[in-house]
Amino acid sequence: MSDKKIHKYKNSNLETSHSKLFLIKNPVICLIIIGLVSLVISIYYLPYDLPITHDNDDYFWYAIDMSLLGEFPQMFSPYEHDINPDVLPQYRFSNNGWPAFLSLFFSLANFENVQEYMELQRYLTITISIITIIPLYLLCRKFFDKYFSLLGVALFAFQPRLFEDSFLGGNIQLFVFLGTCALSLFLSKNTRMIYA
């Protein structure tokens with residue numbers, strides 16, 4: 001090989017390595033790309049025609065009732081056996097934090113179809129799961145360098161179970177988000193971020 005070809009080959013390798021380093025040196029761009037790709041995958045596979053079922057159905061109806069009544073609906077203890085059959089509906093779950101959070105968004109929306117409210121609940125869980133990548137990156141940075149932190153965020157963002165839980169519309173995403181925020185703030189040495 002001639003010297004010109006070797007020099008040109010070395011320069012092309014340097015350019016590709018600089019472009020890779022540019023993305024790693026700017027993790028905000030990588031996080032935005034990971035979040036957008038995760039959003040596109042979630043929207044593509046979102047089951048628009050299926051209703052929310054199981055426990056998430058109870059949370060949904062409680063949130064609907066709360067948004068319509070403007071107050072907390074009557075709720076029974078899950079351990080109570082003597083129930084008054086005249087009081088309907090009879091909600092039985094251990095907390096009402098997730099339905100109260102949902103009712104804030106349901107009261108702002110004015111849909112004519114119940115399915116649209118269910119889709120709003122799914123969109124909220126998808127949004128929360130995508131926002132979780134920010135505190136997760138900060139948590140990973142406590143233990144790893146930028147490259148492995150971005151890899152950890154990508155593994156989390158593209159996990160099939162995360163998509164499945166988002167489609168169910170449950171409270172798992174909020175729990176993961178708050179837990180990740182709590183851990184990253186607990187391990188943070190920045191006192192402004194902890195006590196702000």
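Cβ from N, Cα, C; glycine included.
Fair warning: this is a prediction, and the values are worked out from it, not measured in the lab.
TrEMBL annotations:
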- 21-46: transmembrane segment (TRANSMEM)
- 120-140: transmembrane segment (TRANSMEM)
- 147-163: transmembrane segment (TRANSMEM)
- 169-187: transmembrane segment (TRANSMEM)
Taking a Cβ cut-off under 8 Å, which residues six or more beyond the ends of the transmembrane segment (21-46) line up next to it in the same chain?
119, 122, 126, 129-130, 133-134, 137, 146-147, 149-150, 153-154, 157-158, 163, 166-167
Within the same chain, where does the transmembrane segment (147-163) have neighbours whose Cβ lies under 8 angstroms from its own Cβ atoms, ignoring anything closer than 6 residues to its ends? I mean 6 or more beyond.
24, 27, 30-31, 34-35, 37-38, 41-42, 45, 129-130, 132-133, 136-137, 140-141, 173
